[in-house]
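Remarks on the structure that follows.
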Amino acid sequence: MLPEEDLKIIKKELGREPTLVEQGCFLNLWSEHCSYRSSAPLLKTFTSKGENVIIGPGDDAAIIKFDDGYVLAIGMESHNHPSYVDPYNGAATGIGGIVRDIISMGARPIALMDPLYFGPLDTPKNMFLFEQIIKGIAGYGNCIGVPVVNGETFFDRRYSGNPLVNVVAVGLCREEEVITARSQKAGNKLVLAGSSTGKDGLGGASFASRDLSESAEAEDRPSVQVGDPYTEKLVIEMTLEAMEKGYIKSCKDLGAAGLGGASAELAAKGGLGAHITADAVTQREPNMNAYEILLAESQERMVFEVAPEDVDAVLALVAKYDLNGAVVGYLTEKPNYTVEFKGEVVVDIPIDFLTGGAPTCEKSSVAPIPQVEEGKAPKTPEDLKAAFLKVISSYNIASKEWIYRQYDHEVQLRTVIKPGEDAGVLKITDKKGLVLSCGCQPRATLLDPYNGGKNVVIENAMNLAVKGADGLAIVNCLNFGNPDRPEIYWQLKNSVLGLGDGARELSIPVVGGNVSLYNESDEFKTAILPTPSIGIIGKVNFETPLPSSFFAKSGDAIILVGETTADMGGSEYYACFEALNAGKVPSVPKNAPEIIKAVIEAARSGKLSSAHDLSLGGIAAGLARMCRNSGAKVDLSEVSELKAEELLFSEAPARALLATSEPEAVLEILKDVPHMVIGKVEGNSLEVKGKDFEISLSLKEISDAYSSLTRFMMR
């Protein structure tokens, strides 16, 4: 049902009662999911322009200049609510939707990333959600031939009733091949192509704009779309061929609000209106009414703007791929959105009012009762080795091999660096590669939304830096609870400010994304952790070898870059020892941009064998991860005057470990930023000492701990 306040505004504008179908249009297009009515004022604070930005926010995907005439299409979406109600189909159709956003811009999809957030795997329900969501992503992505090359998986009890499925997609085309969702000319036809239209996904946009009820799995299942990846693959090839032949003037994927949303937004973006004949839509089920035809979110569908003289050729092309195609309307000079069904006009609305008239507001923002519990930090553990192994065996740090082995991450033969390292790398040309990273730090963001949001950018930028890449663009997915609660809106507001400031300091534009609110569970009486997840892309030159994330050469000097601080709030170490709300979140250092630039220069010099970002689990987790094939001797005595657990497990931002056989040259590159030689790659064990501790771990002990998640899932 439409909120009463919205209904009053609509009645005043129309001068009458809206029809049932019109109410459905407003319910979906004015939903939080479609209109960003709560977050729009905040999103405007992002810097979205840059020298490489061709198309920024507002289209199905952003377009970023890459190299040698190539451009990248990039977008990020969530499919959170559907993935709780029906995890396999919810996750699968999340992949399908973002891929269609990419092809609607004229680009071929070449990569996916999947930041995922789950409750702990200690209940049958959470285990079911985890397994089915991974299967859904693998089942859809593998079938359409798009590799999942990077991702993040994070576990916390506050995601138990509301897992998060975020997806980043990247596509590639020539700049002259770009198509937009901006309508071109009145009189052009609207062709609906792809799968037939059923009742699945009906009301999906409005469903995604409210909290999950205890009965959501039964009541909301019809709102979850059902995907067919084999049809999607045909849609990809058909759409790109139609664009190559010059038949498509503008194009939009059918996602939230179905045909109604796509056709109205496409027309409005070009300053035109549209007339839709609902009867003309190819229907999967008998006796569908106008409401269902217009607003169902059946998957694998596109709407094309086609010149009248090209309609027959387009329909023939659609038929060649054994897909459904029909002329369902046309563009009009009059900026109205009208829908006809069985000879009766059931929708007649000013199109700008429908697509852009949702009232936006900056909600009340109040800081919550402080989350930090002073004095609750865990004591220094008596057995540091046991603590070390406990932290690196945490599922948030441990290898995600069980997940990414289910993905075909080498399809299309572009993958240079496979999943499991700091960033994915794809070959675009013989000389240039695309570097990708994604993720978030939810626990830190809960305690300090500003610094948490800022550090999301810094950490992901460092993931690119250790491969020698600087950032080209950022997309985001802002996952939060109910914004009507002042403390939740405060989290959202400050996370956005931190994320925006971090991106500006690194001169990386924020070019698009998604807002997913109302992520709360009636069943568990919880809101998710504030989760401003991002995807970031960069460019790397293949003229010098890319550093590995793992120690590669015995005898290499190990260099710590950046400053290690005592603040441990939001860290994985604190979480492992039941101190979730203790401590202060480390601030991003003012010289973070300079540190990242220095790491990029070092990686590009060709003098690094290995390089690894430090984040969750700190130096301990970083060393353990790098010791995959070789041991190391490390001395932290001179790093700083910190306790043993602070030295080992601090997650202070803007830090990295580098390994090189030419330390003098690398130290010269790092001379203007904090750095220190802390050890050497050697032996078959990891030996770490400080002023008052020594730890020795065999490579087998490290491997067993680091493979904890894979061993648990394979048991």
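Cβ coordinates come from backbone N, Cα and C, glycine included.
Taken from Swiss-Prot, the feature active site applies to H33. The DSSP secondary structure for H33 (active site) is helix.
Swiss-Prot lists H79 with the feature active site, proton acceptor, giving sequence analysis as the kind of evidence. Under DSSP, H79 (active site, proton acceptor) is assigned to coil, being neither helix nor strand in the three-state scheme.
The ATP binding site annotation in Swiss-Prot covers Y36, N476, G513 and is backed by sequence analysis. Taking a C-beta cut-off of under 8 angstroms and a sequence separation of 6 or more, N476 (ATP binding site) has the following same-chain neighbours: M76, L499, V510, G513, N514, P532, S533, I534, G535.
Under the heading Mg(2+) 1 binding site, Swiss-Prot lists E77, N514. Its own atom aside, the Cβ of N514 (Mg(2+) 1 binding site) has 22 Cβ atoms within 10 angstroms in the protein chains shown.
Contacts of H79 (active site, proton acceptor) defined by a Cβ separation under 8 A and a same-chain sequence distance of 6+ are given as G90, A91, T93, G94, G97, V165, V167, in order along the sequence. Summarising the annotation, Swiss-Prot assigns substrate binding site to S78, H79, N80, H81, R100, Q225, E297, S298, Q299, S516 and lists sequence analysis as the type of evidence.
Within 10 Å of the Cβ of D101 (Mg(2+) 2 binding site) there are 26 other Cβ atoms, across all protein chains. According to Swiss-Prot, the Mg(2+) 2 binding site annotation covers D101, D253, on the basis of sequence analysis.
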**Report entry** Fewest-neighbour residue among binding-site residues, criterion Cβ within 10 Å, set E77, D253, E297
**Finding:** E77
Report summary line: CA-CA within 10 A of D253 (Mg(2+) 2 binding site), subset of binding-site residues Y36, S78, N80, R100 in residue order, equals R100
Query raised in the report: At the level of the C-alpha atoms, what whole-angstrom distance separates H33 (active site) and N80 (substrate binding site)?
Result: 11
Report summary line: Taking every pair from S78, H79, N80, H81, R100, Q225, E297, S298, Q299, S516, which the record gives as binding substrate, the longest CA to CA distance in angstrom is 20
Query - Structural state of D101 (Mg(2+) 2 binding site), classified by DSSP into three states - result: helix
Query raised in the report: Using DSSP and three states only, what is D253 (Mg(2+) 2 binding site)?
Result: strand
Requested in this report: Would you mind reading off the Cα separation of Y36 (ATP binding site) from E77 (Mg(2+) 1 binding site), to the nearest angstrom?
Outcome: 13
Query raised in the report: For E297 (substrate binding site) and D101 (Mg(2+) 2 binding site), what Cα-Cα distance in Å is obtained after rounding to a whole number?
Result: 14
